[in-house]
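**Student:** Sharing a structure below in structure tokens format, with a few things to ask.
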Ligand SMILES: NC(=O)C1=CN([C@@H]2O[C@H](COP(=O)(O)OP(=O)(O)OC[C@H]3O[C@@H](n4cnc5c(N)ncnc54)[C@H](OP(=O)(O)O)[C@@H]3O)[C@@H](O)[C@H]2O)C=CC1
Ligand SMILES: N[C@@H](CC(=O)OP(=O)(O)O)C(=O)O
């Protein structure tokens, strides 16, 4: 068992980490951190559990610590659900102190020597851990992408066998992406908000890093362009995206590559049977009906039409956040980086 901690364990993503790690077969969850406001009290007393999954009683007595390097001395690996402004310097300090960091925060995603990984799409980019170690870092930072970007990159991955240059995407993003305090009811009820700060820029830059090529020392971004328009909609969980991509092959060929898309792994505990699932009914995918496929780790794709046009959907706080980080950590362990 590998000793792990969750940074920012009381928040929306932190709670998802706790849910996924409380009974994990490889990870022993022993440290939970939060802000000074919550530190010093048992997790069961400070957490306001708001997930649609049962609260795991076995973590109740863990005393929440402040988020400092000293409080992580017994951890081999930590999962970060910290606000980005806190994550920026703290994750660096933690990795430099010899601890592995699997981060969900945006702060280091575009750093040249930090892998931005989706296991089924670019597992080879984990080689950037060696680049970090070659410059003397004892631990590492590995990041997972932005939640909408994960849905897009997984939906594009099967299309890599075709040529394309131009990807356009419009998102319909759930309110849980903004955190517990993120979007007020008055803003979102009976409404659509056509702005999510820097989300479009992240989708455009992160997608080409993820789908770029790694030569053992650096990542060269993919050569296609991405143009994104992002919108907040009154859905609790599940980001839906409409995608246009200039693939010329017939729809029947495209459906075949989706149906045949296989994960390159079979031994990771959180890996779903299908990373991408093709749905036939003309009115799917839908967030309420499809976000929990594969325990929230499957991206559903449907409405494939010539052009090429399609719709994809993924659970934003599981596949798009905490689940993405945990799957990355499982891959890191299976590759013996820990
Ligand atoms: N992959 C993705 O796209 C997604 C990424 N995220 C990212 O995950 C991170 C967490 O988001 P979310 O869970 O929604 O945020 P929340 O606001 O719900 O939770 C924040 C957590 O951080 C703790 N915290 C706040 N300030 C400090 C501080 N100064 N020092 C230490 N801990 C602190 C809070 O503790 P306390 O309760 O004590 O205040 C809480 O545990 C963010 O970086 C966010 O951008 C989020 C959604 C999806
Ligand atoms: N911006 C995302 C959530 C998020 O925090 O993304 P990021 O980790 O890329 O900042 C959303 O609102 O749905």
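Note: Cβ is positioned from N, Cα and C throughout, glycine not excepted.
Annotated active site, acyl-thioester intermediate per TrEMBL: 147, in sequence order. Here TrEMBL flags 239 as active site, proton acceptor. Marked as domain 'Semialdehyde dehydrogenase NAD-binding' by TrEMBL: 3-129.
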**Student:** Quick one: give me the count of other CB atoms within 10 A of the CB of residue 147 (active site, acyl-thioester intermediate).
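**Tutor:** Counting Cβ neighbours of residue 147 (active site, acyl-thioester intermediate) within 10 Å gives 27.
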**Student:** Limited to the domain 'Semialdehyde dehydrogenase NAD-binding' (3-129), I'd like the whole-number average of pLDDT.
**Tutor:** 97
**Student:** Sorted by position, what residues of the same chain at least six away from residue 239 (active site, proton acceptor) have a C-beta under 8 A from it?
**Tutor:** 147, 148, 151, 171, 172, 173, 174, 177, 287, 313, 314, 316, 320
**Student:** By the DSSP assignment reduced to helix, strand and coil, which category contains residue 147 (active site, acyl-thioester intermediate)?
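**Tutor:** SS state of residue 147 (active site, acyl-thioester intermediate) = helix.
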**Student:** Would you list the DSSP helix, strand and coil counts for the residues of the domain 'Semialdehyde dehydrogenase NAD-binding' (3-129)?
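**Tutor:** Result for the domain 'Semialdehyde dehydrogenase NAD-binding' (3-129), in helix, strand, coil order: 40 helix, 26 strand, 61 coil.
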